[in-house]
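Participant: I have a structure here, written as structure tokens, and I will follow up with some questions on it.
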Amino acid sequence: MIAIQGATYIYPGSTVPALEKIDLAIEPGEFLAITGPNGSGKSTLARLLNGLLRPRQGRVLVDGMDTGDDTALITIRRRVGMVFQDPDNQLVAATVAEDVAFGLENLGLPPAEIEKRVDLALRSVGLEDLAARPPHLLSGGQKQRLALAGVLAMEPRYLVLDEATAMLDPVAREEILEQVLRLRQEQGIAIILITHLMEEAVRADRMLIMKSGRIFWQGSPRELSYQERILAAAGLRLPAVIALAKSLRQGGIKLATNPVCVEELARALWKLASRE
């Protein structure tokens, strides 16, 4: 479990807390989405999770290890993998396979173990046929999948995606999200999704809204998505699917469920059409 206890963070040169008195527990295997407007503190919170930033007050514990303990940082950063918005900042080698192997080589693992992990990681993101390709020749979506493979090769227990799909087109964005959800199901990795896209956030088990460096709301996305006042107060909008479902109801179409994604809306409409 990742436990954040009374964490406050102030950036150097500032007097205004970027995060203030944050208390949060992230369970192994869960899918947590953290959203909020720009400047709300969500990316700062992401960087606390593996010790890239350390709280000015309070503490962050990863499976009982304190991120303030220098001797625990290497282990913590292996447990909590991070994928950022711009994949080019995480790609360092001449070929796809070498890039995935880079972090493993720094751990001093045997060559056979490195080869095994690289192969498994590339297969898990669908890049096994591109192992010898230079990273700069990949598309944006492929680069992000490569960055993800490099993190997965380290065998993390928690995977933090910090706006990792923000620079991708809708098709590539959906591919990345689907792969991450599949990995969670197959390997039990906890997913912490930092996003400003409500369409992504509502797919999580639990959603947390940040506002002005504090936790403004947390709970079930399905519960939140039909409370427009909470969303408006946080500077967020209804996801497109939920807005469409609302319009359909206002037009007299009685849906049996409250869909939060395209697949759920399609099923609800199919059931409605089948009854008629």
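Using the three backbone atoms N, Cα and C, a Cβ is placed for every residue, glycine included.
The feature ATP binding site is assigned by Swiss-Prot to Gly36, Pro37, Asn38, Gly39, Ser40, Gly41, Lys42, Ser43, with sequence analysis given as support. According to Swiss-Prot, the domain 'ABC transporter' annotation covers 2-237.
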Participant: Hey, which of the binding-site residues Gly36, Gly41 is the loneliest by Cβ count within 10 Å?
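Facilitator: The binding-site residues Gly36, Gly41 were compared, and Gly41 has the fewest Cβ atoms within 10 Å.
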Participant: Around Pro37 (ATP binding site), which residues of its chain at least 6 apart sit with Cβ under 8 Å of its Cβ?
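Facilitator: Counting only residues 6 or more apart in sequence, the Cβ neighbours of Pro37 (ATP binding site) under 8 Å are His196, Lys211, Ala234, Gly235, Leu236.
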Participant: Pop the mean pLDDT for the domain 'ABC transporter' (2-237) in here, whole number is fine.
Facilitator: 92
Participant: For the recorded ATP site, enumerate neighbouring residues of the same chain (Cβ within 8 Å of the Cβ centroid of Gly36, Pro37, Asn38, Gly39, Ser40, Gly41, Lys42, Ser43, site residues themselves excluded), in sequence order.
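Facilitator: Once Gly36, Pro37, Asn38, Gly39, Ser40, Gly41, Lys42, Ser43 are set aside, the remaining close residues are His196, Met210, Lys211.
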Participant: Per DSSP, Ser40 (ATP binding site) is which: helix, strand or coil?
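Facilitator: Once the DSSP labels are grouped into three classes, Ser40 (ATP binding site) ends up as coil.
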Participant: These are the binding-site residues: Asn38, Ser40, Ser43. Which one scores highest on other Cβ atoms within 10 Å?
Facilitator: Ser40
